[in-house]
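Report on one structure; see the data block that follows.
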Amino acid sequence: MKILLGAIYPYAFLLMYLVLPFDNYLRVLPNILLGILVVAFPFVVSKSDLKKLTTTPALFFSSFFLFLILNSLVFGRFETDFNIIKKVFVGLGLFVLYIPINDIVKLKKVIIFSSLATILFSIINIIIVNNKLESVIFNDYPMLIESLLIDRIYLGFLAVLSILISYNSFKPKFHPNNRYYLANIIINVLFLILIVSKIALLILLVLIILRQFYGKHKSRKVIATLVLITVSCVVYTVFTKDLKKEGFVKSVLITKTDFIKNSLTWDVRTVVWHCSNIVIKEKGLNLKGLGFAGTKDNLANCYTTEIDNEVKRNTFVSERYNTHNQFIDFYLSAGLFAIILFTAFLISLFIKNRKDFFLTALLVVVTSYFLMENVFHRQLGAYYAGFVFIILLTQYHPLRNNDIKA
């Protein structure tokens, strides 16, 4: 029985990540696979595997999770906070469930295949929708975004992970697989441009800059990077002006579709960050937290007083937009000690992995999304954050998998 479970266990984990973007169509399957992993875990884990839980970053993350539970129980908010706490547990739980598995390469490849499958599905859906429209879908940008398989921000998250993994999988010398990784990078970048995922493209630019601090000939790389940044800024400026002239980009606040109303634009973030700052100043030193529901209540009150436009105000209040920043959310909702533990967890990961480009880049990616999105408010976000934590908490020696050294 133990041998059978040991054989099934890794593939159940991989299949779960492969079908994750198709949750709306295969909702039962990921839950079944997760159930199999939980039941099989005691039979496949060994004492040596459990040692992975004693690293400093793992202890910080565990302490942070336990603090969230204790904080919500002490202040009588567990019932309302549970929905967010359980998603944080997903991030921690996935790492724990993965510790019996020693092969990290297959998990990386699953992310690549999952990204390609998501892109293929989205493109097919775009073509189908385009055939039903009287005009070309690219003239109806909100409809284009609505045709995507998952929310644009998480599709961008997945695509960036796929690009980074492909880059890291290049062999130092010529290898036939290198062309497939290059093709995957090109496909994902072009798709990000197609859907105008500004956050994902900006993160890729940051990763290009980060790469210059690793390896040889740093001065040449820095000069080349500066030229690339300048050209990119010029192209982006021209491209954006052309899109606005053609009416390609439409405001999220005047769109009637449910998907677009839930898409987060810079305009939305500007408002919620402004109100988050107001709430932080009003509450002063926040030790016990407001609770995750309480944070939304305070933000909704701020929207009522700070937004002049009635339509826009009603949209913000009815949608109860969250902080769109995981750090601010944890500080307001769970207090000062929560954000200290969470930040300590990320800092400890950086200290552990700072000498390796791939691991540092993964940390930059997930931290960037924490700055732009409440990742743990969505199950999909928790799963992808969990993937990053799995890599960062278990793969301290990347060369064991024949990855190129930065």
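Yeah, the Cβs are placed from backbone N, Cα and C, and that goes for glycine too.
Below 8 angstroms of C-beta separation, residues 29-30, 33-34, 36-37, 40-41, 43-44, 97-98, 100-101, 103, 106-107, 110-111, 113-114, 117-118, 121, 149-150, 155, 158, 380, 383, 387 of the same chain, each at least six residues beyond the ends of the transmembrane segment (5-22), sit close to that stretch. Per TrEMBL, the feature transmembrane segment maps to 5-22 (among others).
Sequence-distant neighbours of the transmembrane segment (28-46) (same chain, 6+ residues past either end, Cβ-Cβ under 8 Å): 1-2, 5-6, 8-9, 12-13, 15-16, 19-20, 96-97, 99-100. Feature annotation from TrEMBL assigns transmembrane segment to 28-46 (among others).
Residues annotated as transmembrane segment in TrEMBL: 58-78 (among others).
Taken from TrEMBL, the feature transmembrane segment applies to 84-101 (among others).
Remote same-chain residues near the transmembrane segment (110-129) are listed as 14, 17-22, 137, 143-144, 147-150, 155, 158-159, 161-162, 165-166, 184, 187-188, 191, 387 (criterion: CB distance under 8 Å, separation of at least six residues from the stretch ends). Per TrEMBL, transmembrane segment is recorded for 110-129 (among others).
Per TrEMBL, the feature transmembrane segment maps to 149-170 (among others). For the transmembrane segment (149-170), the list of distant contacts is 21-22, 24, 108-109, 111-112, 114-116, 118-119, 121-122, 125, 177-178, 181-182, 184-185, 188-189, 191-192, 195, 197, 199-200, 203-204, 207, 259, 262-264, 357-358, 361-362, 365, 369, 372-373, 378, 380-381, 384, 387-388, 398, 403-404: same-chain residues at least six beyond its ends, Cβ to Cβ under 8 Å.
Beyond its flanks by at least six residues, the transmembrane segment (182-210) meets 112, 115-116, 119, 122-123, 141, 144-145, 148, 152-153, 155-157, 159-160, 162-164, 166-167, 170, 225, 228-229, 232, 243, 249, 266, 357, 360-361, 364-365, 368-369, 372 of its own chain at Cβ-Cβ distances under 8 Å. If you look up TrEMBL, you'll see 182-210 (among others) marked as transmembrane segment.
Annotation source TrEMBL lists transmembrane segment at 222-239 (among others).
Only residues 6 or more beyond the boundaries of the transmembrane segment (330-351), in the same chain, are considered here, and those with a CB under 8 A from a CB of the stretch are 56-57, 60-61, 63-64, 67-68, 71-72, 81, 84, 276, 279-280, 283, 285-292, 294-295, 298, 323, 360, 363, 367, 392-393. For 330-351 (among others), the entry in TrEMBL reads transmembrane segment.
Counting only same-chain residues 6+ beyond the ends of the transmembrane segment (357-375), those with a CB under 8 A from a CB of the stretch are 153, 157, 160-161, 164, 168, 199, 203, 206-207, 210-211, 214-215, 264, 269, 322-327, 329, 346, 349-350, 381-382, 384-385, 388-389, 391-392, 395, 398, 403, 406. Residues or ranges marked as transmembrane segment in TrEMBL: 357-375 (among others).
Positions annotated as transmembrane segment by TrEMBL: 382-399 (among others).
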